[in-house]
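Feature annotations, courtesy of Swiss-Prot:
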type	residues	note
ACT_SITE	D13	active site, proton acceptor
ACT_SITE	H41	active site, proton donor
BINDING	12-18, 40-42, R303, 329-331, 411-413	GTP binding site
BINDING	D13, G40	Mg(2+) binding site
BINDING	D13, E14, G15, K16, N38, A39, G40, H41, T128, R142, Q222, T237, R301	IMP binding site
Amino acid sequence: MNKVIVTGAQWGDEGKGRIVDLLAEAADCVVRFNGGHNAGHTLVVGGKTWKLALLPCGLLRGKLGVIGNGVVVDPQALLAEIDRIAAEGLAITPDTLAIADNATLLLPSHIALDAAQEAARAQAIGTTGRGIGPAFEDRAGRRAIRLADLADPAVLRERLAEALRYHNAVLAALGRPACELEPMLAALLEQARRILPYLRPAWKLLSEADEAGRRILFEGAQAMLLDVEHGTYPFVTSSGTGPAQAASGSGLGSAARGHALGVCKAYATRVGGGPFPTELDDAVGARLREKGGEYGTNTGRPRRCGWLDAALLRQSVRVGGMSSLALTKLDVLDGLDELRICTGYRVDGVLRDDYPAGLAERGRVAPVYETLPGWQESTRGARSLDALPEAARAYVRRIAELAGAPVSLISTGAERDDVIRLADPWMPASGG
């Protein structure tokens, strides 16, 4: 197995960066294939804390980083991140980072549109306000500017003028000021000098690496329940977030044959608006938030917390074709007398094991819980299954049963090696 795809199995913030960092040790290159700079990772490497948004985590381990065509790239944010990481001691160069030349450019006008559209909604989605959605809208509407277009000032001017005609019409309709072409063009041309050396046909680079048997790790952003088609729509991101997106978002079709590793917390969290059937607005929810440090890496927003929803997790596993699960933050549950897992829902008195797609039905959902005993012992830092209390082992087993996927990794603390390895995602499944 030379390809592993790491994606979130809940609503994001599951600790994917930590798992990617763990697996990157055995990888040759690490690929970002979706999203933008709206999702961040906090990693501790060699006792030092790093915060990344656009850059692949594998760069911190000396691996080749690739930003694929499925990512929308804000050049200002990218260069600021490169400079910040360099100031912290890690130089990012065209030898260590490749960016797909056909990736979409995120513009200041996308950020203006994001703010205007969010303010105009009757019910806010809770976007990060970084322009991700409008950039993906432009890509679908064939107005997008690709990074390769930065190389030709005349083409860039023409494409930018076309995009701004549309953007400014929408901004005017929403009562917002227009964005000016000349200042934006000047800034892009200045940024182009630094960005162009990183551009490559990423699909070709990855195809050659795959043919040579190199190990390729795909680093997903957001999560399955934020997928634009299969998530809790419309409270979702604007792109595909599942393992299948790794193929189209990188240009490496064979990514679809890799090991799909879904990352999920031992409980559930969500940032911003949208359905959350198992949300806890009580002392237990507050405890999970504080003990789990549930605040956004990029935004600092407090996360909503609740019990694990195994019904939605099972949906993520099935829709995403997930091969196994990495369970994180098990130690946050230490000290609770009992735990609850949502196994399905009642809608108008009818029991069902799938979450409704219709907005009206969602408003009538009541979660159905299974109660399990908690544990008082500490699981923090446990590095073997035998080191866990029996109740914790039973909880992990039940999650795997309900989700329909084996648990291959369990994270039990903040240190990089606080992990129980039950199976190696890089190795072929037994019998396969």
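Glycine residues also receive a Cβ, built from the backbone N, Cα and C atoms like all the rest.
Counting neighbouring Cβ atoms within 10 Å of each of the binding-site residues (G12, G15), the lowest count belongs to G15. Ranked by CA distance from D13 (active site, proton acceptor), the binding-site residues N38, T128, T412 have N38 at the top as the closest. Put simply, G12 is the one of the recorded positions G12, G15, H41, T42, T412 whose Cα lies nearest to the Cα of Q222 (IMP binding site).
Neighbour count (other Cβ atoms within 10 Å of the Cβ, all protein chains): 29 for Q222 (IMP binding site). Counted over all residue pairs in D13, E14, G15, K16, N38, A39, G40, H41, T128, R142, Q222, T237, R301, the record's binders of IMP, the longest Cα to Cα distance measures 34 angstrom. All chains included, 24 other C-beta atoms sit within 10 angstroms of the C-beta of L330 (GTP binding site). T42 (GTP binding site) falls within a strand when secondary structure is assigned with DSSP. Between the CA atoms of T412 (GTP binding site) and N38 (IMP binding site) there is a gap of 26 Å, rounded to the nearest whole number.
Under the three-state DSSP scheme, R18 (GTP binding site) falls in the helix class. Per Cα geometry, G12 is the residue among the binding-site residues G12, G15, R18 nearest to N38 (IMP binding site).
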